[in-house]
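Below is one structure, written out as structure tokens, with a few remarks after it.
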Amino acid sequence: MRPEVGNNWLEIKSCESGQLTVLDHGRLESLVAELADSVDQCPSLSVFLGTRSKEACLRQLYPHNNINRRVSKTSVRLRCDVNTLRMSRPAFFADGDLTYKHSLSSLGKQTASMEQPITWQAHSSEKVLQIIYARLLFLFADVVCIFAADFADYSHMADFLISIHRARSASLLPASIRPRVVIVLPTNSVDNKMDEMEVEQLQCRLNMCESGPMSASFSAIHIVRLGHHMLSDYSRYQPLRALIKGQIQDMQSAREDTRTLLSAKHLAALFSLALRHTAENIREPFDFVQASRAYHPVSLSLGPNIVHYQELGSQVELSSEELAPSVASALLMDHYIDGMLALDARLVFRTLYRPALIHSIRAAQRSDRMTVLGNLVNLIECQMVGMLDHLDRTGQPSWHLRRDLLKARSGQLCSIRSNKICLVFFGSPAAAREYQFKFSACPCCLYQRPFVIEILAPTMNPTVLAIDGGGVRGVIPLEFLTLIQESLGSCLLQDLIDISIGTSSGGLSVLALFQKRWEVLKCAKTFDDMARCIFQQRKSSSLSRLSQSVFGRLSLFSTIHKWLIWLLHDGCYDGSVFDAALKAVFGVKSRVFDGLCAEHTSATYSNTRIGVVATGISKDTSSFVFGNFNASETSETDPGCEIVRPVETDCEPFVWEAARATAAAPFFFPTADIDPLGSFQDGGLRDNLAADIAKRLCRQIWPSRKNPARILSLGTGATARAAGSSPHFRHVFRDSFLRRSFNAWMSLMDTETEWTKMVEQSESERKQDYIRLNIPLQDEPSAIDAVETMEHYRNLVILYPGSARMAREAATALLISRFFFVMCTLPEDTTSPFWCWGVIRCKGPAKQIVESLEQLYPQGLTFTTDLEVIGQFEGLGELCLDCGRYCRPITFLSHHLDKTVNIYLKTRTKKRWRISGFPDSLASYAQRQHFYAPFGRPDHGCPGAALCGSCDESVGPQQGQRRKRASLDSRRGQRKKVRGGPSAEIS
């Protein structure tokens, strides 16, 4: 249950250092939690300022609230009229002191998150209290009641109001929703004439305020006098009661007209943000629009994307009038998600989007397009206003409007080929797979061909397969993959990988495994055949062959002539033979970004993210990645390479071109010339350790994922480092610059040192997630074109001690990385040890993954944390009989929300592997799953799988919600009751 806070709300305290702080006791959140429906109930807020007269008034206005039941020492208290708790418009009312009172009583232990230090210069606590009233409470207040009898005289009351006015309202919302002031005068005194004169002087002073009109802070000021003492208490306060009620109704009507009526949920969230803003800055206003995007900021690339979209539209002769609706619907879908505060569309556009668009237009430095782009901005604004009105009338979600508009304008928009349109929201979640979305037709062009998209679950980290380069030594990683696939059984290796990166020969293997979706054995055979084809014979000429027959093969003349030919053709092997071999393997028309076409269906499937690394031929020899993915627009890290993504989709490289670029080894093959992208050479020249560049790319694709779940790195053999010093003298031929350059380049294939450095630089708790499979070559020949050694390299892998065990453990690590945890509920109180409820799911083909684990470990596996045993892994028994997904409800004890936790699968030999997403804190899980999303979820609440009446119901109806905290004793009793069942919890 929540900690008891009474009516205490805000308090000003002084730290030991003398710094003043504002302490929020969580009273507003507590009240909101008591409401029947915090999403649909829109409370009013009245603020009463004074002392004794205020207390007497509150007892009469709210007789059922027992105002005197508790004595509070905080500066501001908050209550709700108990008669309105279940009404659509609950009445919240706060009362505050006119002056700061130092609190001598302790209010119990407070958490640091509730305390906001004052960072601006505060001369006194009195000044801070006035700022809190003017720039925080009055931001949300409908009515402010001030009691004249609690001031020394009317002049002091005027000084108080003027000081509040001088502090300035922090609101940017319309002036019509500034709070309305009600000045409560006591019963007429004996000298009525003198009293009336004082009232006139008060009104005159307020109207002639030197700091500007009071309307800048208050939308209206009313004066009401209490009834005569001879009347009953109810009758005396009836004029005030009626006035406050009428003013609240008028204010809520004004808020409805200006689209600023706040639900209780929005009120609590905005107040928390406004409190932080007030404590940090009293010069800048509080922006309600920006605050509503505090948990989901607008993408920094929005402006450039829209400018790019307009350029594509102009190329196909689409006018601004034709483009504006599609852009406006995208912005509407971006902001007005389910649960968002429905502020005025014009205000939202001018706050969030217009500045970004204007900045991008100026940055583009296209003077010839300035007028057109400026016109587009104005049209987008008008379209957004009209579309929001349409949503109000129809009640449909914003993504429905976006979907319908794309369909209606498909004839125009299908001519614009852009990769900036997100489609996941328009698909139907699959029933049997996690985070797989199906489409019957393209939402943009209505092309009637089904396609399927797979995305990573929010609480998963990506699994990486990285294959180094090394010419014919590329058979080494393929042999390791063969052993891994044997351990996996019926589960395909490709179904366990989220991203695969390869360099040189490793890139060829990656393309065959994932772009062609071939089995490992077929990839190995194709690699063998292609290597024997392209390395069959080095380039020569008729003159070269004649000189060799006359002068001998090793003669100086024959050697010079041979090297001259290789120099002129930029390689010792025929590039056309290599091109033909690659076209025969990968096809002529397949592009890197193409999807997969299933054999027994017409549907197209999104492919595993793949990338092959090439090197530029410029002076800086930069690395380029040919991949089928886009970098995230929110990534702030530099990957150290350039992701090749042409503006025009027709310029996307073909698969065989990407293969040619990554394997264009200098001296052996000429550079790969890809029009219009440029010329490229072997990727191993700069980044032969594919794992390193894969790790950097993961941060580009999934910037919210701190680290991969697994990195499986496959080397192409490690050569022994020769001990000893450098020679004192250079041999004329043996140590020539050609031989030294060749040796330096060949040493790049040995990436064992770089791998060791990468692992050492990682966090110690994550080192077990880095898996390396490689073998020592010792004195074996290492030429990249020695095709006669390929079979020998395969035998080295098979005969290497422990290679089968290494492959088995790698297979286990990949299988377990497909399991991920979904947190279902959190207790309201997480300051002390609590039980965390959740469910473990499985990404990919759950049945095959579970079967493989059961075959590898027939003796059984156990789910554990660092501190306790969760329960036995029941395998196929935990697959849902209705939908086929894996579902394992679990409960474990956590000592703190921010404490790092782990969930493992452990064997009986105590070997254990983490499931995906760990190590991490439960606070991070709550953030990933948008547990606290007062303004809606950016995914529009799209589920990761079709809801199943069986397994989703077993998880519980409170998924994604906070729950009341169960005591440890009661929970232990529950755990004992379910012991022995298929989902038994063992502690």
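Backbone N, Cα and C define each Cβ position, glycine as well.
Feature annotations, reproduced from TrEMBL:
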- 465-695: domain 'PNPLA' (DOMAIN)
- 469-474: motif 'GXGXXG' (MOTIF)
- 502-506: motif 'GXSXG' (MOTIF)
- Ser504: active site, nucleophile (ACT_SITE)
- Asp682: active site, proton acceptor (ACT_SITE)
- 953-987: region 'Disordered' (REGION)
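Annotation for Ser504 (active site, nucleophile): spatial neighbours Asp468, Gly469, Gly470, Gly471, Gly474, Val613, Thr662, Ala663, Ala665, Asp682, Gly683, Gly684, Asn688, criterion Cβ-Cβ under 8 Å with sequence separation of six or more.
Beyond the ends of the motif 'GXSXG' (502-506), by six or more residues, the same chain brings 466-474, 477, 527, 610-613, 662-663, 665, 682-684, 687-690, 693, 714, 716, 784 to within a C-beta distance below 8 angstroms of the stretch.
Helix, strand and coil residue tallies for the motif 'GXGXXG' (469-474), in that order: 4 helix, 0 strand, 2 coil [DSSP]. Of all Cβ atoms in the shown protein chains, 30 besides its own fall within 10 Å of the Cβ of the residue listed as 'active site, proton acceptor'. Long-range contacts of the motif 'GXGXXG' (469-474) within the same chain, counting only residues at least 6 positions beyond its ends with a Cβ under 8 Å from a Cβ of the stretch, are 502-509, 527, 531, 535, 662-663, 665, 682-684, 688, 690, 716-717, 749, 782-787, 789-790, 793. Under DSSP, Asp682 (active site, proton acceptor) is assigned to a strand (E or B) in the three-state scheme.
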